[in-house]
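Working notes for the structure below.
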Amino acid sequence: MAEESESKQSAVESMMEKISEKIHGHDSSSSSDSDSDHEKPASPSSVKAKIYRLFGRERPVHHVLGGGKPADVFLWRNKKISAGVLGGATAIWVLFELIEYHLLTLICHISILCLALLFLWSNAHTFIHKSPPRIPEVHLPEEPFLQVASALAIELNQGLKLLRDIASGRNLKEFLMVIAAFWVLSIVGSWCNFLTLFYICFVLLHTVPVLYEKYEDKVDPFAEKAAIEIKKQYAVFDAKVLSKIPMGPLKAKKV
């Protein structure tokens, strides 16, 4: 009896050892599979996502421009609307800049013409046997104006906060960039007035994004090379000039 019990125990122990070996073998195979999965090369989509894009953007140009109808106009999704908007802006620029028509004079002349036509039509409809003109009641809603004012206030507050941070001496690089931007604007402002500058920016918004969206695969490599070269030049300028400028108290505390 003792020998039978010992043989049974040894059989059970051998079975347990076989089961444990199978479990460990499955775990090792699964771990090796997972390791092989980790060692697999990155998919083409992940490699494509690492391609350099201008200004470090990760979204399409349409989303960068805010999406919706304004982006559709800038990217010429509807050519008739985009051409009409650009043609209207060109007509306004020609009218005020080349012909030197004044805004107040234009508004008064248009108002005189419209009121005179409506007045004559309202009084002469009995003689010409036509129905009187139906003048609609114009009521401007308050909500769009409040939304525009709120958006402008938010943007202005952010701009003022940025200027305050730059003026406090926390970031020398941003300070130099803003000074250079204001200097370039002052030079451009001496060449043309505000209306011409606004029209140039408007034309650029209608031409540069659509051209970049069409040729972005060719533009981005050149932009990457330019960005690398600019960083190299800035590193040299920082080592030779900026690093020798005494730091302000806020920057010294940070260091």
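Positions of Cβ are set from backbone N, Cα and C atoms, glycine also.
Per TrEMBL, the features are as follows:
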COMPBIAS  15-27  compositional bias 'Basic and acidic residues'
DOMAIN    70-255  domain 'Reticulon'
REGION    1-45  region 'Disordered'
TRANSMEM  81-99  transmembrane segment
TRANSMEM  106-124  transmembrane segment
TRANSMEM  175-205  transmembrane segment
Practice problem: For the transmembrane segment (81-99), find every same-chain residue at least 6 residues outside the stretch whose CB is under 8 Å from a CB in it, and list them. | Solution: 72-74, 106, 193, 195-196, 199, 202-203, 206
Quiz item: So what's the mean pLDDT when you look at the domain 'Reticulon' (70-255)?
Solution: 84
